[in-house]
């Protein structure tokens, strides 16, 4: 009999209902017609007109039914919930009649189950259907990976009986073993001798995969696939192969999240199948970082957000992403938010949690390094040239770009913006130009911020770490609070003073004072200044800045008083008196400026004027 006979679909629902009068009567041409039928078997609405003798000689279940109703001469038997349906029962009946048919990987699971259901064991007949089906499963199917996958696929609708008969377990063990053997064979095939006579493994060509079974496993249902991958991980299959298989399976199972135009569908219209698939794939991810690319993890996170997956699933993905965040791009961080209509366009909370995971990883590494005994190698590894520091710098630039991207959002709360900006340690940013740019964009888009909120926002910026161009822009930025502008001008004044000091040949190699604080913030202590001295210097500079600000306010008040007096004099006096008084006022103003310049301490107005002129020269 041809194999295609075993592929039909189950009968329509109308024919499966016993209450209906219509029944599907099989045209059993293989049954001999010279003997009239004495028993009728009904299987899921299908009628089989058969004979008792061939059936009771091999089927223990039918033999018991006939024996129990010997007095009534039973003529009809209804087999409820027979595994495999009418098609499989037809094969079992053919076996009872001695009709030859082919056992294949497409029907062996059904035959094993139906033989157990009908009790077609060695107890009733030698070489019965049960022993032959199991023999084929053990000697043929389990020796071939593709056939094992096919049997698993056929067993999906035979649970739990297929589990009880160990059909699924035998196939899963065979698949895992064959995959390990294939990998070992491929590894040996890549061994070669170098020119020096040493044995080494040749590099695999990029894009070339020796794991041909990856596509085969994609046909399995989620629960079956999970069991197969768990067995492979226990057997020691390479994490890269596990990752490739997971990506291939996700590509097949999650295509329903996108329509033909590539746009995301409404998550309410997606069934729970995709949600289970995402959670299963996340649970099977290898612990090794290079097993799957970072873009795949971000794709899973987007799917988890869209499908409202469990919190544990999203937390696991965020932790994995945070451990290799230095490899991410700006597009990766732009995770759509699907919560409320008044929420932000992107999921800022998820990015914040990812950054927290990254920072915690950095802190844990720092603690491990500080706890190492030896000659201080752990302290030196935290320097600017270490991989940890380079990762911090990359992530800080990425975060600043992300903040600038989300800053124009009207619904973005100040607390969320500050939380993302503060999620990295202070020494992560060696330059604050990117952070200043993102804050400026936020201030421009949220012009209704109070002065207190503006000050809170600008406290994030270390104006000492602004480049000259950014400092020149900040000095003229009207969106910044007055205190921040004065601080920028003061820093520009210090830079001018340091630039003048560098004209001395003896001091040309001395770094400016604020460079010392940069080194301390970046994780390495300066040899020229201890942390205690640096803290005292910062406090002294802060006091000087406050004093300069107070003097500036006092001079502004004096100038306003002089202006009022001049205006009154102009109204009361004649033109001659006006000119004399005007000259006196001018002389007083000049004397005020000279007297301030004659003092040893520098005045804020001169410094601010000098800084303003310097800023103008730089921006021209």
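Just so it is clear, glycine is given a Cβ too, placed from its N, Cα and C backbone atoms.
TrEMBL lists coiled coil at one of the ranges 535-562, 563-590, namely 535-562. Confidence for the domain 'BTB' (37-105), expressed as mean pLDDT, is 89.
Here the domain 'BTB' (37-105) is broken down by DSSP into helix, strand and coil counts: 26 helix, 14 strand, 29 coil.
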